[in-house]
Amino acid sequence: MMNPLIIKLGGVLLDSEEALERLFTALVNYRESHQRPLIIVHGGGCVVDELMKQLNLPVKKKNGLRVTPADQIDIITGALAGTANKTLLAWAKKHHIASVGLYLGDGDSVKVTQLDEELGHVGLAQPGSPKLINTLLEGGFLPVVSSIGVTEEGQLMNVNADQAATALAATLGADLILLSDVSGILDGKGQRIAEMTAAKAEQLIDQGIITDGMIVKVNAALDAARTLGRPVDIASWRHAEQLPALFNGTPIGTRILA
């Protein structure tokens, strides 16, 4: 079996039918012409935000990470492992792709510990066991994995989806693409940066060009490139016609170098 490709989905993608249609059409085309196994890892911040708004609950972030109090983890689990995950499975079904919905704790695929007490139920993901997901891939299934994990003590944790995808890529020896709303990392003039090293990222963070959630994304990608020992791509789902090329290894966004 070829080494798998993990596609991490994020941003408002889950809110846009047009975007999901484009993405799944690209996935179908890619799967028809390549034997390479694919895995989707997703967050769903927009789904969570919408739910929190309906429930009149505050959304608090610290350094770009969502603070998850004990009384909110059940709601966030429902939004990510429930609504967001099943929405993606429904789209896969519509496109005749045999898929299976999972969370990080299934088959101990990704191990999770609490990241920081101040953040509450927010987890740090580390590589786990490849057994379950490899079994599914060998059976021709598309695993769709939410970024909810569980600690050894049985505590549910909300994990940053970029970081969850990195840990799963390390578990499986997979390549990783981080798909988001932006077409890559932009410089101070709004131009896409084709390649990024750790030194360059540090410089842009110091200059205030990379800020907030993008710092988390860039650090996750740098961490992924270092952990995996290979480049990681940050790209946009908006250019559907370019996605098959991206899945084939052609950079269309920003390539993060190890």
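Keep in mind that glycine also has a Cβ here, set from the backbone N, Cα and C atoms.
Matching N134, N158, N219 to the substrate binding residues that Swiss-Prot gives (G44, G45, R66) identifies N158.
Residue with the densest Cβ environment among the binding-site residues N158, S183, T211: N158, by other Cβ atoms within 10 Å. Highest local Cβ density among the recorded positions K8, R66 belongs to K8, counted as other Cβ atoms within 10 Å over all protein chains shown. Put simply, of the recorded positions I185, I209, K217, the one whose Cα is nearest the Cα of N158 (substrate binding site) is K217.
Close to the recorded substrate site, the chain also has G43, V48, I76, A79, L80, S147, A161: residues not among G44, G45, R66, N158 whose Cβ is within 8 Å of the site's Cβ mean position. A simple way to gauge crowding: the CB of I185 (ATP binding site) has 24 other CB atoms within 10 angstroms, across all the protein chains here. Checking each of the binding-site residues S183, I185, I209 against K217 (site 'Transition state stabilizer') by C-alpha distance, the shortest gap belongs to I185.
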